Amino acid sequence: MIFNLYGIFMSDSYLSNRNSIRQKMRSLRNSINAKQQQKITKLLIKKLVSYLPIIQAKKIAIFLSIDGEPNTKPLIKVLLEENKQIFLPVIKSYVENDLIFINYTPKTPLILNTFGILEPIINKDNILNLSDLDVMLVPLVAFDRKGQRLGMGRGYYDRTLQNWQKYNFLPIGIAHDFQLVEKLPTAKWDIPLPIIITPSHIWQW
Ligand SMILES: Nc1ncnc2c1ncn2[C@@H]1O[C@H](COP(=O)(O)OP(=O)(O)O)[C@@H](O)[C@H]1O
Ligand SMILES: [Mg+2]
């Protein structure tokens, strides 16, 4: 029997259902070729840069894509050209939510973390205070018709997005259209997203 952190019993079928959705979506998005990715990125950028909360945002947290996620590099370039301040997540187990966000410019040195993801190098002047953030672009593996989100399974964004309303930034999920499922099996700690943007649609709840 498996109990999670909260002492909640997690049945085998519940866990395997979440994991099989993760596996299916991750293999689907890894099968996208470079040309399709380019097209997806173009459409996503178009949607994002014409979306009012992005237009109005000064500080935007984003992530560097892995694992077939929509390519965020061209998006970061466009946002920097529009004079947005960009922040990237860094995994640090000594902070409460495990994620801190660091200012990124084309001059910022990047290093690989334990998951093979590039992270900016931290110095005392480039750490973001979440209360100063306007928009957080959030990665996801699957989402459903109610805005529930499934991540890679480590809960980093669930912890970071706890009480996001209090900080007054807007979380926006970024995904491929096919990452939508009818209904996700959710856990008590899962934080749903108020907005998810795909190449063809802006979902709002
Ligand atoms: N707010 C939280 N506080 C403490 N642990 C959490 C919190 N949110 C998630 N977790 C932990 O993270 C783990 C992974 O969460 P899960 O929702 O399955 O991952 P993901 O959201 O990445 O798909 C959970 O088993 C849970 O123990
Ligand atoms: Mg979760």
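Cβ coordinates come from backbone N, Cα and C, glycine included.
Note that the structure is predicted; figures quoted are calculated from it, not measured.
Residues or ranges marked as ATP binding site in TrEMBL: Arg18, Asn19, Ser20, Ile21, Arg22, Arg149, Leu150, Gly151, Met152, Gly153, Arg154, Gly155, Tyr156, Tyr157. Shown in sequence order, Arg18, Ile21, Arg22, Met25, Leu140, Val141, Ala142, Phe143, Leu184, Asp190 are the residues of the chain, 6+ apart in sequence, with a C-beta less than 8 angstroms from the C-beta of Leu150 (ATP binding site). In three-state terms derived from DSSP, Leu150 (ATP binding site) belongs to an extended strand segment.
Here TrEMBL flags Leu64, Glu69 as substrate binding site. For Glu69 (substrate binding site), applying a Cβ distance below 8 Å and a minimum sequence separation of six or more within one chain yields Arg29, Phe63, Pro139, Ile174.
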Rounded to the nearest Å - Cα separation of Leu64 (substrate binding site) and Met152 (ATP binding site): 14
Conformational class of Glu69 (substrate binding site) under the three-state DSSP mapping: coil
Filtered binding-site residues, from Leu64, Glu69, Leu150, Met152, Arg154, whose Cβ is under 6 Å from an atom of ligand 1: Leu150, Met152, Arg154
Fewest other Cβ within 10 angstroms of its own Cβ, chosen from the binding-site residues Arg18, Arg22, Arg154: Arg154
